[in-house]
Amino acid sequence: MERYILSLDQGTTSSRAILFNKNGEIVHIAQREFKQYFPKPGWVEHNANEIWGSILAVIATVLSEASVQPEQVAAIGITNQRETTVVWDKHTGLPIYNAIVWQSRQTADICEQLKQQGYDELFRKKTGLLIDPYFSGTKVKWILDNVEGAREKAEKGDLLFGTIDTWLIWKLSGGRAHVTDYSNASRTLLFNIHTLQWDDEILNILGIPKSMLPKVRPSSEVYAKTIPHHFFGVEVPIAGAAGDQQAALFGQACFEEGMAKNTYGTGCFMLMNTGEKAVQSKHGLLTTIAWGIDGKVEYALEGSIFVAGSAVQWLRDGLRMIKKASDSETYAEKVDSTDGVYVVPAFVGLGTPYWDSDVRGAVFGLTRGTTKEHFIRATLESLAYQTKDVLAAMEADSGIALKTLRVDGGAVKNNFLMQFQSDMLGVPVERPVINETTALGAAYLAGLAVGYWKDRKEIASQWQLERQFEPQMAKEKQEQLYAGWKKAVKAAMAFK
């Protein structure tokens, strides 16, 4: 009987279940979208029970469509949208409020107060993160402050908090396991990434009872088994968990210090493995835990770019310049340059290394001769410039010069963008055969825990290159183009 690993990839807009075989190949995928809630401008919420329902649906679909029996699943790995926050009643199992999504800005006031009280440096030193509505800590505080009776219940020990991985493990195990892994814990703003413990001082500042928090475990370990009535009468080990970006780093087999990957999704997330040392950034990067495995914790530097693939959606839906995303490549290839045009896609501010939430999008260098092709090309180039900004910060912080960049995500299908990215960075860009690196990373973590794969060496040997893009641009031209980008960003930031 052939065995498989089931990876549950719980994302921001949809849930997916992917079956992988021994060679790390995709056997089948099932996907289901779920509803987004926007109660007020800047707020984004999900219904945690709807997420759970979507997970049950994709599990059933993937097994039946692939004709795989539940007994053939050797283990389950979970990867998830990070930071999104669920608080539920441990007796009824019901959430007391919607899940507050990572993108939601509803805790901006709480963050502002904390900054004014001078806590910035304390939080950064302990957690590796910035005080920002993005992370879970202030979201938990908001729920306790704004849901009637929540604080009393929390003090009595009746409420549980979890990121999405924790919620799904709790549900799948029938409430037997309240756990998270090191990578997800490191995104909460509550976890000390040096002592590897929940931080009492921060919990006190935010007024969050410790009894709400899950146990923090390695990213590759059997946390619990599924209860039979949630998995067709079978008990399957839930054996791996990691936040989506860390899972992608693992799926890309970036196991050596200095290896990095960039995921081009709605935004871009670039992570560099820094080994067993937590490198504190001086250039606006986040210090995060990559994973805990084999009795060790390894760290990463992370850069976040808020707008990447969504800039191409904007060309399609907002400006109606293209009919489908892939047209952007065709148009960009029709011209030799942008003819001096720069697009700064700061629709929701700028992330690493600028961290300016007030700056807005801008276009520079337009002339009467500017065409649609120039504009589309400039929009694609902005993704590569932003990635270069992040890499420059990483190299400065880590002292490691990048040798190659591994890439994944929707936009990596765009050959023009990948070539321009390689030209801008001056290093080869490697696109793998399997683009589902996030789900693959979670599968690998689970498979290692149950002996389905032997070790990381075996996994690294499965990584396959689909295409390598080599830098072809003269250094002088590259520097000139990048200087223009820096000038454009500076001008955009001055216009407020």
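All positions are counted from 1 along the displayed chain.
Any Cβ shown, glycine's included, is placed from N, Cα and C.
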Candidate sharing the ADP site with Thr12, Arg16, Gly309, Gly410, Asn414 (per Swiss-Prot), from Thr266, Thr352, Thr367, Thr370: Thr266
Of Tyr4, Tyr134, Tyr182, Tyr299, residue recorded by Swiss-Prot at the glycerol site of Arg82, Glu83, Asp244, Gln245: Tyr134
Residues close to ATP site centre defined by Thr12, Thr13, Ser14, Thr266, Gly309, Gln313, Gly410, Cβ within 8 Å: Gly11, Gly265, Ser310
Cα proximity to Thr12 (sn-glycerol 3-phosphate binding site), best match among recorded positions His230, Gln245, Thr266, Gln313, Gly410: Thr266
Between His230 (phosphohistidine) and Gln313 (ATP binding site): CA-CA distance (Å): 37
Residues near His230 (phosphohistidine) in space but at least six apart in sequence (CB under 8 A): Leu56, Lys171, Leu172, Gly174
Set of same-chain residues at least 6 away whose C-beta sits under 8 angstroms from Gly410 (ATP binding site): Tyr264, Gly265, Gly309, Ala325
Assigned element (helix, strand, coil) containing Thr12 (sn-glycerol 3-phosphate binding site), judged by DSSP: coil
Shell of the glycerol site beyond Arg82, Glu83, Tyr134, Asp244, Gln245, same chain only (C-beta within 8 angstroms of their C-beta centre): Gln81, Thr84, Trp102, Arg187, Gly243, Phe269
For ATP, whose listed binding residues are Thr12, Thr13, Ser14, Thr266, Gly309, Gln313, Gly410, the greatest C-alpha pairwise distance in Å: 17
